[in-house]
């Protein structure tokens, strides 16, 4: 009987963990987002060759966020990070209209992978502070998100440097995690 209460207590009050993979084309803002969430400040970044990994504590959830470099030569390495991923954050530079088609191709290629079949998808439409940035509805359309079937997804307009929208995205991820457990 005590075990039932113990597991109930842990379910209600215990810390949950969620493995998050954050990917996107190079210069989309992934590393800036990671360290804004982790440190609450803007850091000077250089192109990520390989990955950064940090644990972000938010609303009693421990998010382990893997930020993987987005340069085209290293994108084939993304698949090595797919295993056990519960949430996928795909970061898009909303100001980069020339490469949004390329972003769509990479996203669809990843979502076709069997190891990501159960992962929820959060899209950060980043760089909303720039005057020519596409809004979330336009990014949704350009990425073809409405065509996704059998996958929970959400798009959040963000500005990594100010932090706008980042925690709203984590709220959605944490609610998805709670609904699955």
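Every residue, even glycine, has its Cβ placed from backbone N, Cα and C.
Quick look at what Swiss-Prot lists:
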BINDING   24, 25, 26, 27, 28, 29, 30, 31, 32, 126, 127, 128, 129, 160  GTP binding site
LIPID     2  N-myristoyl glycine
REGION    3-16  region 'Important for the stable binding to the membranes'
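Feature map: annotations from Swiss-Prot on the structure.
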residue: 24; record: GTP binding site; CB count, 10 Å: 23
residue: 26; record: GTP binding site; CB count, 10 Å: 16
residue: 28; record: GTP binding site; CB count, 10 Å: 25
residue: 30; record: GTP binding site; CB count, 10 Å: 29
residue: 32; record: GTP binding site; CB count, 10 Å: 21
residue: 127; record: GTP binding site; CB count, 10 Å: 24
residue: 129; record: GTP binding site; CB count, 10 Å: 14
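Residue 24 (GTP binding site) carries a strand DSSP state (E or B). Of all Cα pairs drawn from 24, 25, 26, 27, 28, 29, 30, 31, 32, 126, 127, 128, 129, 160, which the record names as binding GTP, the longest spans 19 Å. DSSP assigns residue 30 (GTP binding site) to a helical segment in the three-state reduction.
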